[in-house]
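Have a look at the structure below, then the notes.
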Amino acid sequence: MIDLCILGTTGGMPMVNKYLSATLININGRKILIDCGEGTQVAMREIGWGFKSIDLICITHSHGDHTIGLPGLLSTMGNSGRTEKVIIVGPKGIKEIVNGLNIINPYLPYELEVVELENNDLKFIIDKNNMFLCEDNDKCNLILSSLEVEHSAKCLSYSFYIKRRPRFSVEKASKNNVPKLLWSKLQNQEIVNYDNKIYTPDLVLDNARKGIKISYVTDTRPISTLPQFIKYSDLFICEGTYGSDEDIDKAIKNKHMTFRESATLAKKGECNELILTHFSAALSAPENFLNNAKEIFHNSIVAHDGLIKTLKFID
């Protein structure tokens with residue numbers, strides 16, 4: 001089970017009643033934060049999910065409404081008892097930005113690793129204590145994909161595929177004469193050398209089960225590579241900077257999207273559900289324009305600050 005919270009829904013500048021666009025993903029207690037504008041940690045405090053267990057921070061691009069909250073958040077994480085490494089990923093140039101913002105935090109009690117991405121994947125192992133980079137596709141349980149999109153600064157969209165461990169099969173283990181004392185290690189997908197024989201996980205595990213895919217797209221035009229990137233997403237979170245179709249010229253000029261354009265992406269990508277977010281500060285009632293999205297992709301909703309969504313694995 002995966003919990004997700006839309007921490008803030010506005011773009012450009014924080015408002016009195018709306019935080020800047022950011023999202024927090026909770027996978028069995030380990031957390032991923034997407035973007036960190038001014039006020040993001042206040043929004044996090046309101047939902048009460050804590051700071052210590054944020055292992056991965058994904059920054060879409062360098063604009064201040066997506067980054068200015070970083071130094072304060074990193075400091076709060078340290079004050080909350082964080083000692084394990086924290087990984088920050090983002091587009092090329094993010095290292096310089098993080099280093100600059102973090103000048104006021106010279107003594108963080110944990111290591112900070114910054115990774116610059118260019119249309120590539122990262123694999124992670126998530127355990128009960130942290131999230132680790134991993135090279136082994138069989139051992140990892142999270143795949144993070146990135147795609148460079150079209151904005152006024154280098155900007156990335158992200159896709160998160162949370163893998164699901166195959167079921168353990170007693171019948172298969174018995175049929176393959178696997179000693180019971182090896183079952184636990186093989187279930188954890190370890191390869192075991194026992195009694196001069198190699199035992200592999202496929203001897204005790206059924207076929208892989210479908211995982212959960214979450215795609216996050218903001219600050220971009222609807223470029224041609226996006227439908228394939230978000231393909232079959234269980235949840236597609238997408239910017240809807242402009243609700244009205246009449247604002248299409250603004251969307252093109254400022255390299256953003258209208259609700260209808262976001263919904264068209266969701267339809268082309270055959271997504272299960274669309275959540276619209278990152279609204280223009282001038283868009284005071286985005287729900288009034290929801291039908292512009294629903295006409296194209298029915299399973300569309302307008303996010304509000306603090307919206308929590310639970311995603312369950314399907315057998």
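In case you wondered, yes, glycine gets a Cβ from its N, Cα and C as well.
DSSP assigns D65 (active site, proton acceptor) to a helix in the three-state reduction. The active site, proton acceptor annotation in Swiss-Prot covers D65.
Marked as Zn(2+) 1 binding site by Swiss-Prot on the basis of sequence analysis: H61, H63, H151, D219. Remark: H61 (Zn(2+) 1 binding site) has G90, P91, H151, A153, K154, C155, L156, D219 as non-local neighbours, by Cβ distance under 8 Å and separation of at least 6 in sequence.
Cβ neighbour count for H66 (Zn(2+) 2 binding site): 27 (other Cβ atoms within 10 Å of its Cβ, all protein chains included). Annotation source Swiss-Prot lists Zn(2+) 2 binding site at D65, H66, D219, H278, citing sequence analysis.
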Enumerate the residues of the same chain, D65, H66, D219, H278 excluded, that satisfy the criterion Cβ within 8 A of the mean position of the Cβ atoms of the recorded Zn(2+) 2 site; list them in sequence order.
G11, G12, L20, S21, D35, G37, T60, H61, H63, T218, E239
Would you identify which of the binding-site residues H63, H151, H278 has the most other C-beta atoms lying within 10 angstroms of its C-beta?
H278
Least buried by Cβ count (within 10 Å) of the recorded positions D65, D219:
D65
Tell me the Cα distance separating D65 (active site, proton acceptor) from H278 (Zn(2+) 2 binding site), rounded to the nearest angstrom.
10
Residues near the Zn(2+) 1 site, H61, H63, H151, D219 excluded, by Cβ within 8 Å of the Cβ center?
T60, S62, H66, S152, A153, K154, C155, T218, T220, K255
